Amino acid sequence: MLRYYLSLLWIVSVSPWTHGLIVEDFRLSGSIVPSEGLLEAKVNDTWGAVRYISRYNFRDPLDDLVCRTFGYVNESVMQPQDFGTPNAAFTIRRCPVDMMSLQVLNTSCELQAGNPQSDYDNIFKTVNCQALQLVDGPSPLEGRLEAGLFGQLQVVYGRTFDEKAANVTCTSLGYRGVRSYNTSTHYGAGKLPLYTRNIQCTGTELSLEQCYHSGDYAASRTPANVVSVACDGGPIKLEQIKGNRSYEGILVGYHDNILYDFVGNVSETTAKTMCSILGFGHVGFSSRAHPGKNLYYYKQDVNCNGHEKYIEECQGELQY
């Protein structure tokens, strides 16, 4: 009863939601990686955090729009860091699902200046965008490199792209490292603009944007040297149950510094493929088991065809 009374009191005491709040600009801040951070807005020449009331809580369709607005692909599965309770420029709720740009936020959503005192799913909008993607290859681990670089998604010109840059590409995608790379348009040129500045990495950067970029754009360069990359996939392992054998256990995966469970239906072919990936040969079967602990990330209804060498080549998306 107390919670209901407080919520009702908030509803009748806050000021009405307003349309037409003038939002001048947006940025991501508070992280060393440009594609991650706290969403901030500039209102009346002052920067402040964006607060969001959402029934989706930590993940929401608006997150992908935020990432695309800054030239990245989509929000990744990794949860963004907590930035505490900064001062809010405004609070959002009820955005339409078909919004195409943050620039129409002030006319498409319900906005209120400052912080309302809500106690239900009232969070600061923080995202962890996926800055890269590998497309048109045989698996998610391999393909043409499309990179979000300084506000625009582009394909990468390969004149100075080397193994160190390829390794940064793979590790920033969550994989163990690079298996091979190609600078001769191996998987086509695609339809995106060509990024022609030189990219030079030490190999330890967290994103390609942190590498050194030099030279000017050269419009005369042809798309004959577009970069493609093949990555070394993340591992899977068996968590041993007391008394069982080395080739039996609870299957878990490892991707981008997080552990995840496998849940749902697993076919005989998929089970045999996973045994093969683990190094036990193309044999085996699966059964349901309770792991004894719950991981926050999982792959559901994973499906393998039988020839995969890495778990990422099987169907099944990592979810939170």
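Yeah, the Cβs are placed from backbone N, Cα and C, and that goes for glycine too.
According to TrEMBL, the feature signal peptide maps to 1-20.
For 26-71 (among others), the entry in TrEMBL reads domain 'SRCR'.
Taken from TrEMBL, the feature domain 'SRCR' covers 132-232 (among others). Secondary structure of the domain 'SRCR' (132-232) per DSSP, as helix, strand and coil residue counts: 16 helix, 42 strand, 43 coil.
As annotated by TrEMBL, disulfide bond applies to Cys170-Cys231 (among others). A 10 Å cutoff on Cβ-Cβ distances gives Cys170 (disulfide bond) a total of 22 other Cβ atoms nearby, all chains included.
Per TrEMBL, disulfide bond is recorded for Cys201-Cys211 (among others). Here Cys201 (disulfide bond) comes close to Asp162, Lys164, Ala165, Asn167, Val168, Leu208, Cys211, Tyr212: these same-chain residues lie at least six apart in sequence, with C-beta atoms under 8 angstroms from its C-beta.
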Same-chain residues at least 6 apart in sequence with Cβ under 8 Å of the Cβ of Cys231 (disulfide bond), in sequence order, are Leu134, Leu141, Glu142, Thr169, Cys170, Leu173, Tyr175, Arg176, Gly177, Val178, Arg179
Helix, strand and coil residue totals from DSSP for the domain 'SRCR' (26-71) stand at 9 helix, 20 strand, 17 coil
